[in-house]
Amino acid sequence: METVPPSPITWPDGGALTNDWVHGLMSCFEWSSWNLPPSQLPSLLPVNVFDSLVLTAHKILHKERNCVHIDDLDSVSNVVVVGDIHGQLHDLLFLLKDTGFPCQNRCYVFNGDYVDRGAWGLETFLVLLSWKVLMPDRVYLLRGNHESKYCTSMYGFEKEVLTKYGDKGKHVYRKCLGCFEGLPLASIISGRVYTAHGGLFRSPVLPKRTTRGKKNRRVVLLEPEPSSMKLGTLDELMQARRSVLDPPWEGSNLIPGDVLWSDPSMTPGLSPNEQRGIGLLWGPDCTEDFLKKYELKLIIRSHEGPDAREKRTGLGGMDNGYTIDHNVESGKLITIFSAPDYPQFQATEERYKNKGAYIILQAPDFSDPQFHSFEAVKPRPKAHPYYDFENVIDSDDEMDKSAMDTNNEQPNS
């Protein structure tokens with residue numbers, strides 16, 4: 001790594017990013033991770049440049065639908081699907097180099113969880129935003145459960161941003177939260193592959209108005225029994241309100257929480273995800289029903305690393321960065337996890353030493369997954385954790401719901 005410091009990043013005249021600008025940003029972040037204390041990041045990426053990048057990306061993301069249909073693939077030879085990254089910047093940079101950077105014949109779909117746990121969540125997210133701005137129809141960024149106020153306050157991202165940007169940290173953090181709200185929830189690739197961070201979702205409960213007068217009108221939601229829950233539809237997914245800081249676990253807007261937090265199970269049917277306190281568990285029959293109804297071949301989700309899978313019965317481990325969880329008549333359900341040697345700050349003997357992985361879907365039908373596992377980049381720069389990794393809840397279990405912000409108020413700048 002060069003010891004000569006790079007020049008500070010400036011926003012290009014006219015605001016149009018170039019390939020060289022994005023590569024310069026990546027090089028700048030990699031250099032700073034080795035050579036500067038975190039609090040010096042603004043010397044390379046001034047707040048005004050951060051603001052311009054996030055504002056430009058925010059406008060693009062908020063125009064995308066809840067489920068983006070990626071169909072303009074005539075010139076694309078492959079689509080790369082990436083799982084959780086969790087602030088492991090150097091592994092992301094390796095993955096991009098190993099696979100090939102986004103270009104007109106190579107499309108990327110990132111399945112969420114860009115931040116938290118790892119030490120470079122901000123840099124990771126900004127690298128991905130810069131690629132999105134440069135190539136909006138070749139890079140798709142979906143939301144993960146960690147792109148939320150609750151998770152980022154518990155698993156390190158908020159503290160990371162405040163450490164790096166000091167008295168401007170609250171401003172930077174709020175801008176990131178606003179951008180998180182704009183991230184789409186899911187994608188459908190070439191009409192054959194559905195991707196989302198957590199996975200499937202239930203049909204929402206419709207409110208029942210139970211009063212006579214307008215002044216005293218109340219809305220009552222009757223929560224269904226697990227046996228009466230129905231698998232949701234893509235139309236219902238499109239109509240969900242995604243612009244919330246923390247997806248609700250109750251009420252009529254359950255789809256965002258389901259899509260971000262749910263997990264597969266080997267038990268048939270839908271049931272509450274009691275271990276997480278939000279979202280669903282769905283069985284192989286639900287996978288088959290969803291694939292068959294929409295003539296899909298694959299569901300690709302993320303959300304579970306080696307720590308989560310250690311506790312799951314009947315499902316494969318995450319040693320190689322991926323598992324095939326359901327193999328049904330119409331196709332497959334796959335979990336992909338792209339953060340190797342996870343989690344970063346655990347003592348060596350307590351880390352899982354897992355590989356990360358990504359999936360390549362090749363033309364013409366993009367439905368035959370090729371799995372590519374990779375080792376963590378070593379050595380990593382020295383860094384301090386931004387969360388209490390020894391005592392914090394594992395794998396997002398047993399959530400403190402009182403700490404979640406489930407309204408749809410935009411964060412102030």
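Cβ from N, Cα, C; glycine included.
Not measured: the values here are computed from a predicted model.
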- Name the residue, out of Asp51, Asp113, Asp137, that Swiss-Prot lists for the same Mn(2+) 1 site as Asp84, His86, please. Asp113
- Query: Of the candidates His62, His69, His171, His197, which does Swiss-Prot annotate as part of the Mn(2+) 2 site that also includes Asp113, Asn145, His303?
  - Reply: His197
- To which of the residue ranges 253-275, 391-413 does Swiss-Prot assign the term region 'Disordered'? 391-413
- Query: If you measure from the C-alpha of His86 (Mn(2+) 1 binding site), which of the recorded positions Cys28, Cys67, Asn145, His146, His197 fall inside 10 Å?
  - Reply: His146
- Query: Which ones, of the recorded positions Cys28, Cys67, Asp113, have a Cα no more than 10 Å from the Cα of Asn145 (Mn(2+) 2 binding site)?
  - Reply: Asp113
- Can you see whether DSSP assigns Cys28 (disulfide bond) to helix, strand or coil? helix
- Item | For His197 (Mn(2+) 2 binding site): intrachain residues, at least 6 apart, with Cβ closer than 8 Å | Asn111, Gly112, Asp113, Leu142, Arg143, Gly144, Asn145, Leu185, Val259, Leu260, Arg301, Ser302, His303
- Task: Whole-number Å only: compute the distance from the Cα of Asp84 (Mn(2+) 1 binding site) to the Cα of Cys28 (disulfide bond).
- Result: 23
